[in-house]
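Below is a structure I'd like to ask you about.
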Amino acid sequence: MTNIRKTHPLMKILNDAFIDLPTPSNISSWWNFGSLLGLCLIMQILTGLFLAMHYTPDTSTAFSSVAHICRDVNYGWFIRYLHANGASMFFICLYAHIGRGLYYGSYMFQETWNIGVLLLLTVMATAFVGYVLPWGQMSFWGATVITNLLSAIPYIGTTLVEWIWGGFSVDKATLTRFFAFHFILPFIITALAAVHLLFLHETGSNNPTGIPSNMDMIPFHPYYTIKDILGALLLILTLLALTLFTPDLLGDPDNYTPANPLSTPAHIKPEWYFLFAYAILRSIPNKLGGVLALLLSILVLIFIPMLQTSKQRSMMFRPFSQLLFWTLIADLLTLTWIGGQPVEHPYIIVGQLASILYFLLILVLMPTAGLIENKLLKW
C-alpha cells in the first residue's frame, strides 16, 4: 500500500515541500533562516492575535489598553514583549537570509529573489504600522515623520499624505487604519511566503559552492528537519532571554510617554532594524532626494541579479568579492549606528560617506570585482 502522505492531495503538497524534498547535501546553517522566518511569522501572528483581543485602536484608549495588557491580562506582559522582540528576531533572520542570498548567489533564482524583495518591503510596512499602535511619543512622531515623506512627491504629494492620514494630521483615523493594515498584512506575507517557496521548489535550493547539486541530493526529512529544529530552539532561547531579562533593550524609552502632538521628542528615530535606511534618508539634504535614496536602498536588491558579472555564482572561491561583501556588512552596521545618532558633526559626514559607499559597493565595486576575478581565472 502506498503511503498516505504520497497520495492524499493535501499531504502530498506538504510531503513534497518538507519531507521528500530533494535537498543539496552540503547546505550550511546559513540555510536555516528560511524556516526560522516561517517560525517567526507564526509566532508573530499568534502573539499578535492575542494582543488584538485586548487592544483598542482609538487615540484616547490605545496607550492605556497596552498598559492594561501588561498589567491586568494573564501573561499579557509576556505576550506583548514576545511580539515586540519577536519583530527584532524576525528582522535579524531576514537580514541574515538576504545576506546569505547575496553571498552565495541565490539571487540568480530571479522569481524567488523578486518575491523575497516584495516580502521584505511588506514586512517593513507591517513593522512600521505596528510600531504606531501603542500610541506613545515615538509611535506618533515616527508616523508623522515617515508618512510626511510622501509629501515630497511632486504635485500629488500633499493630497496623498492627507489621504493616508484620513485628515490634516496623524489622528484617530490614522491609528484605526494602521491597525487594519497591521492585522491584514501578515496574512498577505503568509501568502507571499507560500509563493516564495513554490518558486524555490521549482529550481531546488542553491548550495555554498554555487554549482548545480542534482547529482548529490538527500531527502529534507530527517536530515534538515532535525537541523531546523536545532535552529528553532536557538531562536526561541534567544527570544526568551531577550523577553524575560531585557524586554526593553531594543525599544525606545520615549514610547512610554503617551503621544502628545504639542511636544516633539528630542531625537525622532525608528526601531533599530530601520536605522540603516533612516541614515541614508537623512544623509541627503533634499527631501525628494532623500526619499528616493531611501526607496533605492531597498529596491537596489532587485537589480543585483542583473549586476552579476562573475562566471562563478557563489562568493565561496572569490576573495575580492568576499572582501567587498564584508565591507558592505560593516558599512550597513555603520549606517545603523549613524541612524541612531543626532544630526550633528561628525555624524552627518560619516553618514553621507557610508551612504555613498553603500551604493558604490553594490552598483560599481562588486560587479567590477566579478570582472577582475573572471580575468584571474585565465591565469
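Residue numbers in this text run from 1 along the chain shown.
Every residue gets a Cβ built from N, Cα and C, even glycine.
So Swiss-Prot says this about it:
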- 33-53: transmembrane segment (TRANSMEM)
- 77-98: transmembrane segment (TRANSMEM)
- His83, His182: heme b b562 binding site (BINDING)
- His97, His196: heme b b566 binding site (BINDING)
- 113-133: transmembrane segment (TRANSMEM)
- 178-198: transmembrane segment (TRANSMEM)
- His201: ubiquinone binding site (BINDING)
- 226-246: transmembrane segment (TRANSMEM)
- 288-308: transmembrane segment (TRANSMEM)
- 320-340: transmembrane segment (TRANSMEM)
- 347-367: transmembrane segment (TRANSMEM)
Please determine whether the transmembrane segment (288-308) and the transmembrane segment (33-53) are in contact (criterion: at least three Cβ-Cβ distances under 8 Å, sequence separation 6 or more).
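In this chain the transmembrane segment (288-308) does not contact the transmembrane segment (33-53) - fewer than 3 Cβ pairs sit under 8 Å.
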Among the binding-site residues listed here (His83, His97, His182, His196, His201), identify the one with the smallest other-Cβ count within 10 Å.
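So among His83, His97, His182, His196, His201, the binding-site residues given, the one with the fewest Cβ atoms within 10 Å is His201.
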Can you tell which of the binding-site residues His97, His196, His201 lies nearest to His182 (heme b b562 binding site) in space, using Cα positions?
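Checking each of His97, His196, His201 against His182 (heme b b562 binding site), the shortest Cα distance is to His196.
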Near the transmembrane segment (320-340), which same-chain residues lie under 8 Å Cβ to Cβ, leaving out any that are not at least 6 residues past its ends?
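Contacts with the transmembrane segment (320-340): 99, 102-103, 269-270, 272, 274-280, 282, 310, 347, 350-351, 354-355, 357-358, 361-362, 365-366, 369-370, 372-373.
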Can you say which of 77-98, 113-133, 178-198, 226-246, 347-367 has the most Cβ pairs under 8 Å with the transmembrane segment (33-53)?
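Counting Cβ pairs under 8 Å, the winner is 77-98.
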Would you kindly list the residues that approach the transmembrane segment (178-198) from elsewhere in its chain, counting only those six or more residues past its ends and only Cβ-Cβ distances under 8 Å?
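Same-chain contacts beyond the flanks: 17, 37-38, 41, 44-45, 48, 52, 55, 57, 112, 115-116, 118-119, 122-123, 125-126, 129-130, 132-133, 143.
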Within the same chain, where does the transmembrane segment (77-98) have neighbours whose Cβ lies under 8 angstroms from its own Cβ atoms, ignoring anything closer than 6 residues to its ends? I mean 6 or more beyond.
30, 33-34, 36-37, 40-41, 43-44, 47-48, 50-51, 66, 69-71, 116, 120, 123, 127, 130, 235, 238-239, 242-243, 247, 250-251, 271-273, 301
Between the Cα atoms of His97 (heme b b566 binding site) and His201 (ubiquinone binding site), find the distance and write it as a whole number of Å.
17
In the three-state scheme derived from DSSP, which category covers His97 (heme b b566 binding site)?
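In the DSSP reduction, His97 (heme b b566 binding site) maps to helix.
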